[in-house]
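Record features, source Swiss-Prot:
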- ASP68: active site (ACT_SITE)
- GLU133: active site, proton acceptor (ACT_SITE)
- HIS66, ASP99, GLU162: Zn(2+) 1 binding site (BINDING)
- ASP99, GLU134, HIS348: Zn(2+) 2 binding site (BINDING)
Amino acid sequence: MTCPVIELAQQLIKRPSLSPHDEGCQALMIERLEAIGFTVEPMPFGDTLNFWAWRGEGQTLAFAGHTDVVPTGDEKRWDNPPFEPTIRDGMLYGRGAADMKGSLAAMVVAAERFVAANPHHQGRLAFLITSDEEASATHGTVKVVEALMARNERLDYCLVGEPSSTERVGDVVKNGRRGSITANLHIHGIQGHVAYPHLADNPVHRAMPALNELVAIEWDRGNEFFPPTSMQIANVQAGTGSNNVIPGEMFVQFNFRFSTESTDATIKQRVEELLERHQLNYSIEWRLSGQPFLTARGALVDAVVNAVEHYSELTPQLLTTGGTSDGRFIAQMGAQVVELGPVNATIHKVNECVHAADLQLLSRMYQRIMEQLVA
């Protein structure tokens, strides 16, 4: 007997939905949701497909996720073609198996089972799905959230299916995420001959003391929910490629992952004060990818913990570590946001895979969360 979760996951993996393309994944999900009474509103923006679907009314629990996947890398290094889902030794292989087509399949099947058992459920069950999460994330969830907020849509709880687990399904639940802000810094000098440094102004030499000070700063000490804010230099570029030319400009890109103890405004202020103090001739551009958010213990966290304890017989850790997710946009609606998904050990890697049994377990957890919040 085939498992409906695995079957749907395989159908989704077969579609090579490299971000921001969907390749028919959402149509497959929409067909299943409409069959059980969901109203579906396609919400395309630019080159991105999104949809918002709901069933029932009242207190709202939304399941959020993305149909797009990252590139496969060298397909010759895969044991099987990345878009030909394969089950081997109990593992489901394929690009997106863990991030996050397995979660999408678990969500849809959970909704089917929930509606069959609770055809007249009290609250509203919803889905917010995008094909633009892995790449720019500019025309996906952020745009849908803007549209929903503009018409005063209510969203009480949101379960994001990102692969949160580390060793066993549910061992880690993300109840928040750090903020992320990136600086693109250009330090301007004067190009010249290395034999005549007095006729030039080397921006690399100028910048080094400032950068040394920058990387040594303790931005904050974090708190009980967040680790300390971290800063990492990601890219440095300077020079013409010749060994006898002093560069005229230096580019440095650095990123902050910041806790609720810092703000993007205070980070900008401290960085720019440091650059001014070192008397650098510079220009700087900032890109804020997301603010930090935290969902404290409450109805959603309690429901998720209950579901994990019921099916996995373990108490999950509540963490805010890792990268950003679309939860940062949904949190702006005032919703409680929690991430629960498969084990993340192989995400974005060659031979991405997930235990088939884990997806079955995850679907049962999702169903139990629905039963606790909107039945």
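Quick reminder: no glycine exception, Cβ is built from N, Cα and C everywhere.
Just so it is clear, the model here is predicted, and its values are computed rather than measured.
Residues ASP99, GLU134, HIS348 make up the record's Zn(2+) 2 site, and a Cβ search at 8 Å around their centroid adds VAL69, VAL70, GLY96, MET100, ILE347 from the same chain. In sequence order, HIS66, ASP68 are the recorded positions from HIS66, ASP68, GLU162 with a C-alpha within 10 Å of the C-alpha of GLU134 (Zn(2+) 2 binding site). The DSSP secondary structure for GLU162 (Zn(2+) 1 binding site) is coil. The distance from the Cα of the residue listed as 'active site, proton acceptor' to the Cα of ASP99 (Zn(2+) 1 binding site) comes to 11 Å. Neighbouring residues of the recorded Zn(2+) 1 site, listed in sequence order and excluding HIS66, ASP99, GLU162, comprise GLY65, MET100, SER103, GLU133, GLU134, VAL160, GLY161, PRO163, SER325, GLY341, ILE347 (Cβ within 8 Å of the Cβ centroid).
Neighbours of the residue listed as 'active site' among the binding-site residues ASP99, GLU162, HIS348, defined as a Cα within 10 Å of its Cα, are ASP99.
Under 8 Å, Cβ to Cβ, and six or more positions away along its own chain, HIS348 (Zn(2+) 2 binding site) finds VAL70, ASP99. There are 27 other CB atoms within 10 A of the CB of ASP99 (Zn(2+) 1 binding site), with all protein chains counted. Counting only same-chain residues six or more apart in sequence, the Cβ atoms lying under 8 angstroms from the Cβ of GLU162 (Zn(2+) 1 binding site) belong to GLY65, ASP99, MET100, SER103, LYS174, SER325, GLY327, GLU339, GLY341. Set side by side, the recorded positions ASP68, GLU134 differ in how many other CB atoms lie within 10 angstroms of their CB, and the most is found at ASP68. Long-range C-beta contacts of HIS66 (Zn(2+) 1 binding site), restricted to its own chain and to partners at least six residues apart, with a cutoff below 8 Å, comprise MET100, ILE129, THR130, SER131, ASP132, GLU133, GLU134, GLY140, THR141, ASP326. Taking the Cβ of GLU133 (active site, proton acceptor) as centre and 10 Å as the limit, one finds 27 other Cβ atoms among all the protein chains shown.
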